[in-house]
Amino acid sequence: MWLPGLSWALSLLVTAATSGPSADPSDRASIFADLSPAELGAVRTFLMERPELGLSPSQGGSLAKNSLFLVELLPPQKRRVLRFLEHGGARPPREARAVVFFGAQEEPNVTELVVGPLPNPNSYRPLAFKGGQAVPFWARPMTRLEYELLHEALVASLAPLEPLLLQATGFGFQNCSRRCLTYSDIAPRGLGPGERRTWLVIQRFVEGFFLHPVGLEVLLDHRDPDPRRWAVRRLWYNGRHFGSVKELLESHARGDLPLVILPELPARGLFSSYEPRGHFRTPTDAHGAKVCEPQGRRYRLSGNHLEYGGWSLAFRLRSSAGLQLFDLRFGGERVAWELSVQEAIAFYGGHSPAAMQTKYMDAGWAMGASSYELAPGVDCPESAAFLDAHHLLDADGPVRFRRALCVFELPTGVPLRRHFDSDFQGGFHFYAGLEGRALVLRTTSTVYNYDYIWDFLLYPNGVLETKVHATGYIHATFYTPEGRRYGSRVHSHLLGNIHTHLVHYKVDLDVAGSGNSFETMDIRFENISNPWSAGARVVQPWLHRQPRRREREAALPLARPVPRYHLAVTRRHENEPSSSSIYTQNDPWDPPVTFENFIRDNETIEDQDLVAWVTVGFLHVPHAEDIPNTATPGNAVGFFLRPFNFFSEDPSVASRAPVIVRPLDPPACSHLEIQRWTAPSPGPCAPPEPFSYNGTYRQV
């Protein structure tokens, strides 16, 4: 059985199943490979040439147009892949998922299409959500074009405030050169269905501008496809609300609204920058410890297929939601069909309207396509294998993201196993230890201010760990005394707002086959008579096993009455591929994908193909040490999949990396026998190549 390592015991009851013939590993993995630039381009060209779709380029023009927003792989159905892999069936056709914004029709909407077969598509068909719910046009994700129009509308609307902004901040919107104002936008964009009203936090545009709000927040209504009908509906300045720009100006003219004059920012050493300042007692101007592979790589990476220490899997980096692993096997036996990131959510509290409105759902910002370049020696070891990614998202062609993923073997710094067997006379019978190593598959998502570091770690004892670190800039608002109850004053005019991070994962376990069941184990205590001492009592723990036979019983709540769960186990269905969607951010009230619907029908889950949906998270109360950035220590969460009575012994005994030391002359222990199955010395460690970085992501 395989266990998510959570705060309570969880186990899976499995039925025996035989494995069919397997395909070549690289060929098997290629079924799940992301679309190549050629395939992305072919899908776009095919759709652009369909006259009935009437598509226009993504960039330029108006919002009232039909345009292609997203193209990514549509994974084939599980049953078809299994038929191909294990029963000699036909190879599933390769297809794409395409998201089209139909804004040039009487009732605008968003439609998803299945396009194929690749690499030469010749047909398309609608891709419906469970229940057939349509996606309204106002629920669409933001585009670069809409942001450009939003900026123009904001600048025009705030033009009467320009003199006050210059006086208070030294920055402005008009002809500002290097002293410009910018904004951060908040979501959801309204308080109910049909709205597209966004609160904008005005900031000074300097390095780390997220930490430089000026005290002004603006609510701009931009639902209409015609930007000429957009308008500012409300404003907030330094704790006070205003119904219009005119009302704010009049209040200031009467002397009722004093300006908060912000201090001039230094040319160097800005508090929001990464430039070193201060001193340590130990030197930091020399390179620290490095990860290296002195005798070459111990893993195999071929395309999107990865093998290491008994593990094999396929992976992809989907534009919408990020890393997705398929066909995970240990020792040649499948243990999971899919393990993937589904959603990352951050709920905020605050005194300002922007802070209290912020409920970020990062799939709606295409967090998978926010996988910018990883820096060797910082984001990943210099010795790591780096892979590019290609996305077609809000662009008129595929865009290459350099070094978007990395793979490396990591010394954990703690033995996987060890024992010193003392003779309690100053010597020992033996010492044995196995070095701790894990293979890491990593990418990042920089969703505006926050950077998420996504890791999957493979251990040679059959354990798999998922982990996410949160770093980057905090989402901060302008400090007011009333805001103190919602966070910390992290700088003179800056409030770090309290928020909760929640991350959702999909775990489609296939343990000894796809027919699985689910039970939980709880620790209980008993007070019993001591059987070997009359009149004495023994208090001891025992395991309470509880089969969970239906979906409602298998939904373990995070907090009632909100329908969020530490863990929920459901029957697998092809029309329930994801727990969220790119539309939930702008339509959280009636989204096309509602996870609660997955368990509402309360299906039986005994001896069925099951999916475990796991939620991890943490509360973040920002503090001064989050300046300039939130640090990764203490801001990481995850879970483990662990074998539980699945093997007859720890499978890492197959490793040739242990060290065993036995004395030849006990108890003196002056002559030792040292057993190793690797070279006595690993050899030189540091690669000679200098640091390099590109940082661009360009259309190809």
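Glycine is treated like the rest: Cβ placed from N, Cα and C.
TrEMBL entries are annotated by machine, without manual review.
Cβ neighbour count for Asp362 (active site, proton acceptor) (all protein chains, 10 Å cutoff from its Cβ): 25. Residues or ranges marked as active site, proton acceptor by TrEMBL: Asp362.
Its own atom aside, the Cβ of Tyr450 (active site, schiff-base intermediate with substrate) has 24 Cβ atoms within 10 angstroms in the protein chains shown. Positions annotated as active site, schiff-base intermediate with substrate by TrEMBL: Tyr450.
According to TrEMBL, the feature domain 'Copper amine oxidase N2-terminal' maps to 39-123.
Annotation source TrEMBL lists domain 'Copper amine oxidase N3-terminal' at 140-240.
The domain 'Copper amine oxidase catalytic' annotation in TrEMBL covers 290-559 (among others).
Shown for the domain 'Copper amine oxidase catalytic' (564-652): DSSP residue counts in helix, strand and coil, namely 10 helix, 30 strand, 49 coil. Sequence annotations record features per position, and here TrEMBL assigns domain 'Copper amine oxidase catalytic' to 564-652 (among others).
Among the features that TrEMBL reports, 2',4',5'-topaquinone is placed at Tyr450.
Residues or ranges marked as signal peptide in TrEMBL: 1-19.
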Self-check item: Best-contacting stretch, by C-beta pairs under 8 Å, relative to the domain 'Copper amine oxidase N3-terminal' (140-240) and drawn from 39-123, 290-559, 564-652
Solution: 290-559
Practice problem: Provide the three-state DSSP residue tally for the domain 'Copper amine oxidase N3-terminal' (140-240): helix first, then strand, then coil. | Solution: 31 helix, 32 strand, 38 coil
Quiz item: From the Cα of Asp362 (active site, proton acceptor) across to the Cα of Tyr450 (active site, schiff-base intermediate with substrate), what is the distance in angstrom?
Solution: 10
Quiz item: Using DSSP, how many residues in the domain 'Copper amine oxidase N2-terminal' (39-123) fall into helix, strand and coil?
Solution: 20 helix, 28 strand, 37 coil
